[in-house]
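Peer 1: According to TrEMBL, the protein carries these features:
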{"type": "DOMAIN", "residues": "238-364", "note": "domain 'GGDEF'"}
{"type": "TRANSMEM", "residues": "32-51", "note": "transmembrane segment"}
{"type": "TRANSMEM", "residues": "57-75", "note": "transmembrane segment"}
{"type": "TRANSMEM", "residues": "87-104", "note": "transmembrane segment"}
{"type": "TRANSMEM", "residues": "110-127", "note": "transmembrane segment"}
{"type": "TRANSMEM", "residues": "132-152", "note": "transmembrane segment"}
{"type": "TRANSMEM", "residues": "172-191", "note": "transmembrane segment"}
Amino acid sequence: MQTTSKHNYSKHSVLFWCLGDKSDHHEYFNHAILLTIALLNLISGVFNYFYQHAEMYVVLSKFIISTLMVFAWYISRWHEKYRSGSLALVILTMSAVIPINWFGNGGSSGPTYFMILAILFYFSFAFRETKWLRAIVHAVVILYAITLIWIEHTQPHLVYHYPTEVARSVDLTIGFIFASFYFVWMLSVYAERFKAERNKAHSFSARLKDMAERDPLTGLQNRLVLEKEIRSHIQSEEPFSLALIDIDRFKAINDNFGHNYGDHVLCAFSELLKDTAKSYAGLGIRQGGEEFILFISGTIDPTFNATVELLNRLASANLEHGPISFSAGVVEWDDREDQITLLKRADDLMYAAKEQGRNRVLKE
Ligand SMILES: Nc1nc2c(ncn2[C@@H]2O[C@H](COP(=O)(O)OP(=O)(O)OP(=O)(O)O)[C@@H](O)[C@H]2O)c(=O)[nH]1
């Protein structure tokens, strides 16, 4: 059975069939509202029919509204016309649901207020991206409600009054219970959506951070990480040492065997560097081009040993066009110097290694 990882939500369940994918909160919720209104109108129609709490035309119109809501749900859910579904809901609500309930169900002393509040809330959700449309619809609903109150005041005979106070209380209580469930549910959908958006933002920012700190070719961390690491060690006065490594005669590798092969060599070397750094609890960093850093907390000896070990592993690496080598300078941070001075010392040593014939590691 197919499920989404987050909600363990079966794509074959009845809920999925009715409401769609839960991760698409907007549409999921809209389908839920359309079906709920259809169901509530149906229940309310049946209830009013049997208990005669409303005029016959109200009962009939509730059944018609219920059918139209199912149709709006159908085009939204199965024809991906979500906007049309929302607009159909607005039009039906304004032209039929509210006035029929108002005049046929006790006017201002009936449960229509709950419905108006629920609808205002729904519009905030359905038109959240179109600010102007949302504002217009909200204003229209509020003015509409005021107009209904005014009509009721001037033409009281137009409003159906409950036969007994008990009937009114029952209708109000049922309306209140449904409205409460609706608001609680809507708020929980909002909370869930907010949580999902927040998680998405967190994972995007983690990905961006990773992309900013990683070299795309080799997958090693880049000089930003090196700078951060050096700064933090200097701040906390924690000893550290590093090897500045430069692959020998890399230009010739590119010229003789092509740039792609050069890239392949850089990647193969990076794997070895990553491995060695890991076994010394250090960091392998691509400084740029064919220049790398092996950074290890602590004194110089482990870094020197790790670099020599890396040079030996590179000599026996299985590369298509034969073995390659590097030259490296290993230095330990002297607690008075800054990052630039430290890297300059390592660079000078690395050049000294080049001058002495390459394929070697020098330390101070
Ligand atoms: N394939 C490939 N080549 C690169 C990349 N970055 C830099 N290079 C090449 O690396 C070469 C570096 O050459 P040089 O700085 O002259 O040094 P070298 O040939 O390694 O010689 P020595 O350092 O003196 O041993 C240049 O040809 C660059 O184009 C890369 O990402 N991929």
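Every residue gets a Cβ built from N, Cα and C, even glycine.
TrEMBL: automatically predicted annotations, no manual curation.
Computed from a predicted structure; not experimentally measured.
Thinking about packing and proximity, how do these listed features fit into the structure?
Peer 2: Tertiary proximity for the transmembrane segment (57-75) is limited to same-chain residues at least six positions away from its ends with a CB under 8 Å from its CB atoms, namely 31, 34-35, 37-39, 41-42, 44-45, 48-49, 81, 84-85, 88-89, 92, 96-97, 100-101, 103-105, 160.
Long-range contacts of the transmembrane segment (132-152) within the same chain: residues 90, 94, 98-99, 102, 107-108, 112-113, 116, 119-120, 123-124, 158-159, each at least 6 residues beyond the stretch ends and with a Cβ under 8 Å from a Cβ of the stretch.
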Peer 1: Determine how many residues of the domain 'GGDEF' (238-364) DSSP places in helix, in strand and in coil.
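Peer 2: The breakdown for the domain 'GGDEF' (238-364) reads 62 helix, 32 strand, 33 coil.
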Peer 1: Looking at the stretches 32-51, 87-104, 172-191, which one shares the most CB pairs under 8 Å with the transmembrane segment (110-127)?
Peer 2: 172-191
Peer 1: Which sequence positions outside the transmembrane segment (32-51), separated from its termini by at least 6 residues, show Cβ-Cβ distances below 8 Å to it?
Peer 2: 18-19, 58-60, 62-63, 65-67, 69-70, 72-73, 76, 85, 89, 97, 105, 122, 126, 167, 170, 174, 178, 182
